[in-house]
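Participant: Sharing a structure below in C-alpha cells format, with a few things to ask.
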Amino acid sequence: MVAFTPEEVRNLMGKPSNVRNMSVIAHVDHGKSTLTDSLVQKAGIISAAKAGDARFMDTRADEQERGVTIKSTAISLFAEMTDDDMKDMKEPADGTDFLVNLIDSPGHVDFSSEVTAALRVTDGALVVVDTIEGVCVQTETVLRQALGERIRPVVVVNKVDRALLELQISQEELYQNFARVVESVNVVISTYYDKVLGDCQVFPDKGTVAFASGLHGWAFTVRQFANRYAKKFGIDRNKMMQRLWGENYFNPKTKKWSKSATDANGNSNQRAFNMFILDPIYRIFDAVMNSRKDEVFTLLSKLEVTIKPDEKELEGKALLKVVMRKFLPAADALMEMIVLHLPSPKTAQQYRAETLYEGPMDDECAVGIRNCDANAPLMIYVSKMVPTSDRGRFYAFGRVFSGTVRSGLKVRIQGPNYVPGKKDDLFIKAIQRTVLMMGSRIEPIEDCPAGNIIGLVGVDQFLVKSGTLTTSEVAHNMKVMKFSVSPVVQVAVEVKNGNDLPKLVEGLKRLSKSDPCVLCTTSESGEHIVAGAGELHLEICLKDLQEDHAGIPLKISPPVVSYRESVSEPSSMTALSKSPNKHNRIFMTAEPMSEELSVAIETGHVNPRDDFKVRARIMADEFGWDVTDARKIWCFGPDTTGANVVVDQTKAVAYLNEIKDSVVAAFAWASKEGPMFEENLRSCRFNILDVVLHADAIHRGGGQIIPTARRVVYASTLLASPIIQEPVFLVEIQVSENAMGGIYSVLNKKRGHVFSEEQRVGTPLYNIKAYLPVNESFGFTGELRQATAGQAFPQLVFDHWSPMSGDPLDPTSKPGQIVCEARKRKGLKENVPDYTEYYDRL
C-alpha cells in the first residue's frame, strides 16, 4: 500500500492501540536521517533509488548543504503486519494495520533541545548506534533524556556495510563487535533503571536490536532469520531465536547444537549467529564485490530472492545495494521492531501520566491522560513551533494526550507560567485548523483523537515556545521540559540601518518561538542579546534571524560568554543594611554552597516546588544540611529555581512574615544581577541572622524593605571573598593514533585538559575526553581540524561551572580583566564598588 489518504490515517488515529509514536535519536552522524529514508520510502513517498541519500526528513536547505539535521521533523507512516507476526504482539491490537508517527531528530549536541521537544511527544525511541564508533557521549545523553521521560528504547546498530567493506573484519570479530555495542547500550540503560517502566534492556534474541546499513537500505533482526529457518527446518520460531545469538554453536556434520566452540572429539563447532546469519551476507558481499555474477544468482535463488532482468546488468556497489535491499529490506525489519516492541499510547500513557502532568493524579484530566480517552477533556502539550511557508506564522506542533481536537474548537491556551485559578498566561481562543505533519508537506485533517501527533494553526500568537491546550477549567499544566543544555554563548545584535529596528524586535520574537533553546533578551543599556547552546547553534540561529525572521542586514558582536558570580568562603563579618527611613535593619551573612547541591538544584533533584519536609530530608541526608535550616529556606533564585538560597536563621522576630515577600522579590533581583558585573549569582547561601522592624506597618512597606534587602545581599557577597565561575565544555574527540599530538597542543593552548583517553577495541580509534572553558572554545573546531589534518571531530557539551582562580576585584588578574570588560560593555562604572557602598554602620 503506497500513498495513503488522510481519511485512512484518520481511521487509524481512532484506534489508539494501533498507533506508535516514536522518535529516532542518536549521536551526530550515526545515520538517523539516512535510516529514516528507508522507512519513508516504504510508505512510497520517495523512490527506492534515492533512499539512503535523499535525507527526506532534512527539509531545510542548510540541512542538505551541511549534511546535518537541525530541526526535528515529523511524518506519519503506515505499517501492515502479517497474521503470523500478530501472535507475538505484547498488547492487544485492533486489526493488522498500524500508524507510525515518526520524528527524526538532530544528533548534534548543540541542538539537543530539539531532541527533548521530540521525546516529549513520543512514547518509544529508535536509538541508532554506529557499529564502528560504538556508544558515544551524545548517544548516552539522548538515551538518558529518553529514559528520564519514560520512553522505551529499541536499538539499531547501523553502518554494518562499513565493517564489511572498509574494515573487512571476520565473522567472529563482527559478532564480538555487535555484542560489545549492545552491552554498552545496556549499561547506560541499567544506570537509569525506573521501577515503573520496568526493565528496558535490549537483546538481539528478543528482537529488540536490529542490524542495518542505512546507506544501502538493508537491515535484519534475529527474529527475521529465525522465521526463515523455522519454516525451512519446521521448528518453533521462538526456540530458534534464542539459538541464533550468544554462546550457541552448531556442528554441520553431526547436526547437533552445543554450548561450546569445540565438542568432545575436538571438532570445531560454528557459532550459530555467524553460520546462519552472517554467512549468507558475507557470501553475497564477497561474490558481488569480486564480480562473480553467476555465484550471486545461484545464491539468490537459494535465498528465494528474485531481481529484475535489467538489475542483473549492474556492477559493484550498485548491484550490492539492489541485492541486499531485496534480500533484507530495511523498512520491514525496522517496522516490525517498532510495532512489536514499542508501546502504543494506550499503554504508555498509563505509566507516563505522572511524569507528564503537574496536577493531582485523580482529576478528570489526569484520568483522561492515563486512559488515553478520546472523549475526556482535551489535553494537548505543544512541544515546539514549526515555521510555516507563510512568513512569520507558526504551526504549533504537539501531541493530544486526551480528548479530541477539531478545527474551530475553543480552547484554553496555558503558557508555562499559568497557575490554575489565576488569569496570568492564559488565553481562550479557537483553533483555526488542524493539520497532519508529513515531513516538508502538511495535510489538512478534520479532527484528531487522543494519542496522536498533530499540528495546529492559529495558536502561535499566544504561545512562546511550549504550553498546554485544554478545554477543562480545572486543568493544570503539563510539566515543563528539562533541557540538558543551557544557553552559555551570547552575541549582541544591532541593525545597520536605524529604521529597521521594529523588524529586528519582531524577528527576535519569532526566533525565540522557533527554537526551544535560544534565549533573546534586552539588556538595560538597550542591547539585544541572543544566547545559544554553542557556536554552531548560534550561527544557525543568527542565519535564520537575518534571512527569515527579520529579513534585514545585521551587525553582530563577537561572541561573549556568560559567567556566574559566587563566593568562596563565609562572610568575614555580618553585613547590615538600614532602610531609607532608618527604621528597619537586616543582618545577613553569605557562604558558599557545595557544588553537588547546586547541581542537584539545577537538575531539579532538589526542587523549590517540592514539599518542604521532603526537601529538608533530602538536603539533610545527602548534603549534610541542618534540618531546621533546610526547612526554613525562604526561596531559591534567580527565577525561583536557581542555585542560590535564602535561609531564615532568625529567632523570634516580630512581623517577620510580613516582609517575606519583599525580601524574596529583592533576592530575585539581586541574584539575577550580582554586585560585581551584573551576572547571575550561583551556589551562594544567604543567612538572615536578625531583622529589626518598625512597629508601625506603614514604615516597613515594600519600598523600604526591597532596596534594603538587595543592598544587604550585595554587601554580604562582597564580604565573602567573591569569585567568578566560568562555564566549561566537555569535549569528546574521536581520532586515530597518529593525530593525537595535534589535539594535545591545541587543548593546552586553550587552557583545556584531557582527563581520559581510551582505545576503542578492535579499531585504531581513540576516544579522548577533555574539559575546555567555553571562553576559549571559539574557533576550536577549525584549529583542531588544522592540527590533525581534518581527522578529529570534536563534540562540545556544556558540562559544569568551574571557579576561576584569581581575585576578580584585582583588575590585573584574569578574572579582574573579564569583570572590567563586562562592566565597560554594560555601561557601568569602571571599578567594582567596595562593600562599604552597601554596608551601613550601626
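For all residues, glycine too, the Cβ spot is worked out from N, Cα and C.
Heads up, here are the entries from Swiss-Prot:
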type    : residues                : note
DOMAIN  : 17-253                  : domain 'tr-type G'
BINDING : 26-33, 104-108, 158-161 : GTP binding site
MOD_RES : SER568                  : phosphoserine
MOD_RES : THR574                  : phosphothreonine
MOD_RES : HIS699                  : diphthamide
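Show me how these features fit into the shown structure, please.
Facilitator: The average pLDDT computed over the domain 'tr-type G' (17-253) stands at 74.
Around VAL160 (GTP binding site), taking its Cβ as the centre, 25 other Cβ atoms fall within 10 Å, counting all chains.
Around the Cβ of SER568 (phosphoserine), a 10 Å sphere holds 12 further Cβ atoms from the protein chains shown.
Under DSSP, THR574 (phosphothreonine) is assigned to coil, being neither helix nor strand in the three-state scheme.
Sequence-distant contacts (6 or more apart, same chain, Cβ under 8 Å) of HIS699 (diphthamide) comprise ASN581, HIS583, ASN584.
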Participant: To which of the recorded positions SER105, THR574 does the lowest count of other Cβ atoms within 10 Å belong?
Facilitator: THR574
Participant: Between THR574 (phosphothreonine) and ALA26 (GTP binding site), what C-alpha distance do you get in Å?
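Facilitator: About 52 Å separates the two Cα atoms.
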Participant: Tell me the Cα distance separating SER568 (phosphoserine) from ALA26 (GTP binding site), rounded to the nearest angstrom.
Facilitator: 40
Participant: Helix, strand or coil for SER105 (GTP binding site)? Use DSSP.
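Facilitator: Once the DSSP labels are grouped into three classes, SER105 (GTP binding site) ends up as coil.
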Participant: How would DSSP class HIS699 (diphthamide) in three states?
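Facilitator: In three-state terms, HIS699 (diphthamide) counts as helix.
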Participant: Let me know how many other Cβ atoms fall within 10 Å of the Cβ of ALA26 (GTP binding site).
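Facilitator: Other Cβ atoms within 10 Å of ALA26 (GTP binding site): 29.
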Participant: Between SER105 (GTP binding site) and SER568 (phosphoserine), what is the CA-CA distance rounded to a whole number of Å?
Facilitator: 41
